[in-house]
Amino acid sequence: AVSASPVLTLPNDIQVQENFDLSRIYGKWFHVAVGSTCPWLKRFKDKMTMGTLMLGEGATEREISVTKTHRRKGICEVISGAYEKTSTDGKFLYHKSKWNITMESYVVHTNYDEYAIFLTKKFSRRHGPTLTAKLYGREPQLRESLLEEFREVALGVGIPEDSIFTMPDRGECVPGEQEPEPTLLSRARRAVLPQEEEGSGAGQPVADFSKKEDSCQLGYSQGPCLGMIKRYFYNGSSMACETFHYGGCMGNGNNFVSEKECLQTCRTVEACSLPIVSGPCRGFFQLWAFDAVQGKCVLFNYGGCQGNGNQFYSEKECKEYCGVPGEEDEELLRSSN
């Protein structure tokens, strides 16, 4: 029997940004990340780099002008066109005459000064209906929380996790100017190594750590690949394991699948003096923490995010880590005071 691929149904009720202000969306944006149900995206992801989007007043009151720059085959191309306004503020139509299709674009989330998330619906005879999400930033780099918000939006509309990518930043391109294509090794080194270590020509792009704990003091590294895989890294300053998006290849050893694995590998005894933090999320996980006032390990409810190193997964682990004395040790301590 032949199994047919599921047919994507495009959502009809895409909600635009509340109280959308058209004039505030004008100006320059950097294309930071993309996700799509279109099958070509994964095939061409290695050729994609960050471009720009310029929005402004159109030739008529019914239009807004659109100018896009991106690299194609080493040359910076410029594409100009117009979005057609609709009766819904924040929803636009874009006609692609080459393919004779009209796309619907929606501004679904934006704070105007920092980021904007667009969703675009398209129907083509070749690929059928497709849905594409794009994350734009006023600057090429955005906060990790905004990348996570974009990922959740994309997943929420049915875009597969392996079809969500960040765009490599190779600097802003100059229209018409041809640039040399970097080698794979130079791309990898630029993504992984600190600036002062580049160009040494010695060693491998990523250090070979024999012990995972040796990596705990490194900063996190996304690596040169374009995936958006949620991982944890140990932040020595906050003494907590925090999330970042891993590209899927290379990077370094400060990269953990779970918060538990990260904490059990990297935290130090100083974690025992940290406050007990439930975090802002609304999960319900019973964990152990060391209460420095009482001098003992206690149960607490962890919400599931933004905790710190003072959280343990068993009473035994907490006592062993924070040096909680047994009865004989307590007697010895009392007699020595």
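Each position is counted from 1, following the chain as shown.
Note: Cβ is positioned from N, Cα and C throughout, glycine not excepted.
These figures come from a predicted structure and were not determined experimentally.
The signal peptide annotation in Swiss-Prot covers 1-4 and rests on similarity to another entry.
Residues within less than 8 Å, Cβ to Cβ, of K134 (3-hydroxy-L-kynurenine binding site) and separated from it by at least 6 positions along the same chain comprise H31, A33, V34, I117, F118, T120. Annotation note: K134 (3-hydroxy-L-kynurenine binding site) sits in a strand segment as assigned by DSSP. Residues annotated as 3-hydroxy-L-kynurenine binding site in Swiss-Prot: C38, K96, K122, K134.
A simple way to gauge crowding: the CB of C76 (disulfide bond) has 18 other CB atoms within 10 angstroms, across all the protein chains here. For C76-C173 (among others), the entry in Swiss-Prot reads disulfide bond, with the evidence type sequence analysis.
For N100 (N-linked glycosylation site), the Cβ neighbour count at a 10 Å cut-off comes to 9, with all displayed protein chains included. The N-linked glycosylation site annotation in Swiss-Prot covers N100 (among others) and rests on sequence analysis.
Look at Swiss-Prot and you will find S200 tagged as O-linked glycosylation site.
Here Swiss-Prot flags C216-C266 (among others) as disulfide bond.
Sequence-distant neighbours of C225 (disulfide bond) (same chain, six or more apart, CB under 8 Å from its CB) are G247, G248, C249, M250, listed in sequence order. Annotated disulfide bond per Swiss-Prot: C225-C249 (among others), in sequence order.
As annotated by Swiss-Prot, N-linked glycosylation site applies to N235 (among others), with the evidence given as experimental evidence. Sequence-distant neighbours of N235 (N-linked glycosylation site) (same chain, 6+ apart, CB under 8 A from its CB) are C241, E242.
What Swiss-Prot records for C241-C262 (among others) is disulfide bond. Of all Cβ atoms in the protein chains displayed, 25 besides its own lie within 10 Å of the Cβ of C262 (disulfide bond). Secondary structure at C262 (disulfide bond), as computed by DSSP, is helix.
Positions annotated as disulfide bond by Swiss-Prot: C272-C322 (among others). Of all Cβ atoms in the protein chains displayed, 20 besides its own lie within 10 Å of the Cβ of C272 (disulfide bond).
Among the features that Swiss-Prot reports, domain 'BPTI/Kunitz inhibitor 2' is placed at 272-322, with the record citing sequence analysis.
Annotation comment: Swiss-Prot describes C281-C305 (among others) as disulfide bond. Remark: C305 (disulfide bond) has T243, G279, P280, C281, G283 as non-local neighbours, by Cβ distance under 8 Å and separation of at least 6 in sequence.
Cβ contacts within 10 Å of R282 (site 'Inhibitory (P1) (trypsin)'), excluding its own Cβ and spanning all protein chains shown: 9. Sequence annotations record features per position, and here Swiss-Prot assigns site 'Inhibitory (P1) (trypsin)' to R282, G283.
If you look up Swiss-Prot, you'll see C297-C318 (among others) marked as disulfide bond. A 10 Å cutoff on Cβ-Cβ distances gives C318 (disulfide bond) a total of 23 other Cβ atoms nearby, all chains included.
Listed recorded positions: C38, C241, C249, C266. The one with the lowest count of other Cβ atoms within 10 Å of its Cβ is C249. Separation of the C-alpha atoms of C262 (disulfide bond) and C38 (3-hydroxy-L-kynurenine binding site): 35 Å, rounded to the nearest whole number. Considering only the recorded positions C76, N100, R282, the residue whose Cα is spatially closest to the Cα of C38 (3-hydroxy-L-kynurenine binding site) is N100. Surrounding the centroid of the Cβ atoms of C38, K96, K122, K134, where the record places 3-hydroxy-L-kynurenine, the chain contributes additional residues within 8 Å, namely S36, M103, T120, T130, T132. The most densely surrounded of the recorded positions K96, C173, judged by C-beta neighbours within 10 angstroms, is C173.
Nearest Cα neighbour of C272 (disulfide bond) among the listed recorded positions (C266, R282, C318): C318.
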